[in-house]
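**Student:** This is the structure, below, for whatever I ask next.
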Amino acid sequence: MRLLLLLILIITINFSYGVLTPKNLAGEASEFGSFNIPNPMDVAQSSDSSLFGISMTQSQLKNSFEWSGVVPVDSEEEFTLTFFSSFPLSEFKVEASPKTSLSSSKSESEHKSKFYKVIKSIYQTPTVTNGSFGIDGATTPSFSLTWDKPVVGDWNVVITASSSLRKNEKFQKMVEDSTPQLLMLVQNPSDTHIYSYVSSYNNLFTGQKVSVLAMLHKKSEFIKKSSANRPLNWKPSPILLSDVSAEMILGLPDGSKETIPMFDDGLHDDEQANDGLFGGYINVSELGNYDLQVVYKGSQNGNGVIRSNQHLIPITSQYLELTGEVQSVQDGDANLNIYFIVNSPNQTTVDQTPVHVYSEVYGTDDDGKKVAIAWVAGVTSAQPIQGSTTTFALSAVLNERWIAKVGATAPFFVKNVQVSDLDTFIPLSNTTSTSNVKMVGEYKDVRTIVHSPPLHEITKEMRDGKMPKELADRIGKSTGNGKLILTHGYCSEGVWPIEDFENSVEFQDFNQNRGNDEFAQILANFGSQYTDGFSLVAHSQGGNAALHLVTFYFSGLDLSQKLEGRVIQSMGTPYQGTALAGTWASIGSAVGVGCSANDDLTVDGAALWLKSIPADKRALVYYTTTQYSTGSLINYCNLASNAVLEWPNDGVVDNEHTPLEGGVYLNNFKDWCHSDGMHSPQQTTNTEYNKEMSSNSVW
């Protein structure tokens with residue numbers, strides 16, 4: 001007797017912030033390639049900077065706390081030192097000059113800035129810049145010294161703490177424990193950049209050995225990911241230096257640190273020995289975010305070179321795994337309900353945490369040949385098969401119109417099935433092989449159905465599944481209860497001047513660190529009070545959350561799509577992540593900023609998330625970017641951010657990582673920066689453009 005399936009189509013999923021109905025997403029077979037798991041090498045981080053932790057010691061001769069060290073300068077154009085601390089920056093004094101300068105220990109005068117007392121060397125006077133470094137509402141003061149046309153070679157840097165800090169118990173304890181009291185970000189804008197990445201996204205699980213790769217390369221030879229001339233799986237050619245070493249400084253979720261060597265021996269996933277590509281392994285045993293700094297040192301033309309990248313690597317457990325068995329049954333509308341049987345390795349019960357599932361679906365044509373039908377995807381959770389307490393399945397639904405549209409029938413097959421963690425979009429289990437779909441019950445040939453509208457018309461129900469009745473009943477029934485919602489970003493307060501927008505309301509989830517899914521859930525819950533629907537004007541990560549919401553869950557945004565106007569408009573959103581997220585994880589934790597790290601904002605996290613967003617949902621987004629003004633000797637929104645981001649940028653996200661492929665790009669405004677406290681006004685305070693967004697919104 002055939003095993004019968006309980007119809008486990010997930011109608012609603014209970015979340016912490018209310019009950020949401022996930023969409024049963026589907027799309028054309030021509031879109032299959034858009035959902036491939038990204039190659040980490042394609043989103044590798046590249047920079048010409050390095051980050052140092054400064055641990056002071058007590059000088060018996062001077063009766064002071066100080067740090068002295070040598071910093072290599074390899075740029076002939078510019079050299080910048082930027083400092084961060086949990087203590088007031090005015091409590092430190094900095095001296096810096098080339099070792100070749102005969103007057104390196106002498107000083108002419110003291111320049112008093114907002115933060116530092118800077119000793120100006122007789123040799124050369126730096127440009128002093130004060131700023132606010134960070135992401136959205138999570139920031140810390142920064143102080144930068146920039147030398148134009150510096151002497152190439154080793155520089156002596158001496159940092160001295162003030163007498164008041166010597167009496168500070170917290171400072172004294174950090175000195176005793178050798179905990180860095182200060183961070184120094186060094187930028188050498190030159191052709192020599194570090195390039196680093198994890199080798200795979202498929203093993204980011206506890207108990208695994210995660211491989212990390214790094215090299216130096218020439219920026220002038222770099223082909224950007226956005227370039228049409230970039231070959232598939234391209235990576236730059238390594239620069240070979242002398243006296244080379246590489247290491248990883250790993251911050252574990254429990255706060256401890258490890259230093260791990262990297263090797264160019266061909267035995268650490270680093271391809272060939274002595275080819276300039278270094279590899280190393282991280283053994284992960286804890287759940288959570290790992291703060292990783294990759295440090296590369298060497299000598300080029302007799303001068304020292306040091307570069308580092310900061311990564312944030314989320315580690316989860318492999319709590320669900322595909323077994324390879326797939327079953328299906330038709331529902332009352334002849335739609336194909338597909339069930340992917342799963343188990344939970346090393347667990348006695350199957351984990352029912354909501355996940356993201358994706359699969360390609362194939363059928364059979366009149367000649368008995370396999371034919372691609374469509375892809376299916378959505379948020380779901382493992383549910384038991386009827387009559388079993390141990391066999392669980394994830395579900396997806398394929399609208400019967402997709403099958404009829406390509407003239408297919410049973411038997412059916414699935415391929416490239418992916419199950420991903422909903423918080424990180426780390427692949428939990430995936431298979432590239434083809435699996436037969438076992439049909440439960442008799443299959444009704446949908447080609448015999450008379451379809452209206454005609455099959456060439458792709459309906460919203462085909463793409464999203466059936467809208468919940470309580471939403472569907474409100475379509476076209478206006479009661480005057482619709483709103484434009486203004487949303488902030490990561491760890492932020494209100495950023496939009498509400499007086500610039502008509503019929504608007506401010507979303508207030510202030511000073512919180514949310515992943516995209518949690519952020520989207522809270523937005524949906526807030527918007528549910530507007531029974532006619534709502535639209536969104538979003539800043540920074542608010543744009544990611546808005547796109548996540550309209551993609552995966554039914555909400556008032558779906559009611560608004562029936563009306564004229566824009567449903568989602570965003571400003572300064574890091575759709576492809578920001579390299580600042582990894583660096584901020586290192587700096588933010590060191591200086592004690594309240595909001596913790598957010599892996600959804602990293603370039604890796606964004607790449608994993610973005611591959612799950614279909615083209616029709618991207619097309620709903622109208623986005624705008626900004627950048628610093630140009631024409632000055634030094635152009636920046638935040639000078640410290642320039643050391644981490646591509647140029648140009650808005651101080652948080654660069655113009656290389658703001659594009660949303662398939663979205664509607666509107667404009668890039670100069671002389672507007674991401675956040676308050678930067679070199680130019682905050683991008684959300686552009687009143688003229690705010691009023692334009694208001695007039696173009698649905699509500």
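Cβ from N, Cα, C; glycine included.
What you see is a predicted model, and the numbers here were worked out from it, not measured in a lab.
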**Student:** Based on the annotations in Swiss-Prot, which residue of Asn14, Asn130 is described as N-linked glycosylation site?
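**Tutor:** In Swiss-Prot, Asn130 carries the N-linked glycosylation site label; others show none in the record.
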**Student:** Starting from each candidate's C-beta and looking 10 angstroms out, tell me which of the glycosylation sites Asn283, Asn346, Asn430 has the most other C-beta atoms.
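**Tutor:** Counting Cβ neighbours within 10 Å, the top one is Asn430.
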**Student:** For the region 'Disordered' (680-699), could you work out the same-chain residues 6 or more beyond its ends whose Cβ comes under 8 Å from its Cβ atoms?
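**Tutor:** Same-chain contacts beyond the flanks: 482-484, 495-497, 500-504, 533-535, 537, 539, 560, 563-567, 569, 571-572, 622, 624, 626, 628-629, 637, 650, 667, 669, 671-674.
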**Student:** What is the interatomic distance between the Cα atoms of Asn430 (N-linked glycosylation site) and Asn346 (N-linked glycosylation site), given in whole Å?
**Tutor:** 18
**Student:** Would you mind reading off the Cα separation of Asn130 (N-linked glycosylation site) from Asn346 (N-linked glycosylation site), to the nearest angstrom?
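**Tutor:** Asn346 (N-linked glycosylation site) has its Cα 52 Å from the Cα of Asn130 (N-linked glycosylation site).
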**Student:** Write down the Cα-Cα distance for Asn283 (N-linked glycosylation site) and Asn346 (N-linked glycosylation site), rounded and given in Å.
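**Tutor:** Roughly 19 Å, rounded to the nearest whole number.
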**Student:** Including all protein chains shown, what's the count of other C-beta atoms within 10 A of the C-beta of Asn130 (N-linked glycosylation site)?
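**Tutor:** Neighbour count, Cβ to Cβ under the 10 Å cut-off: 15.
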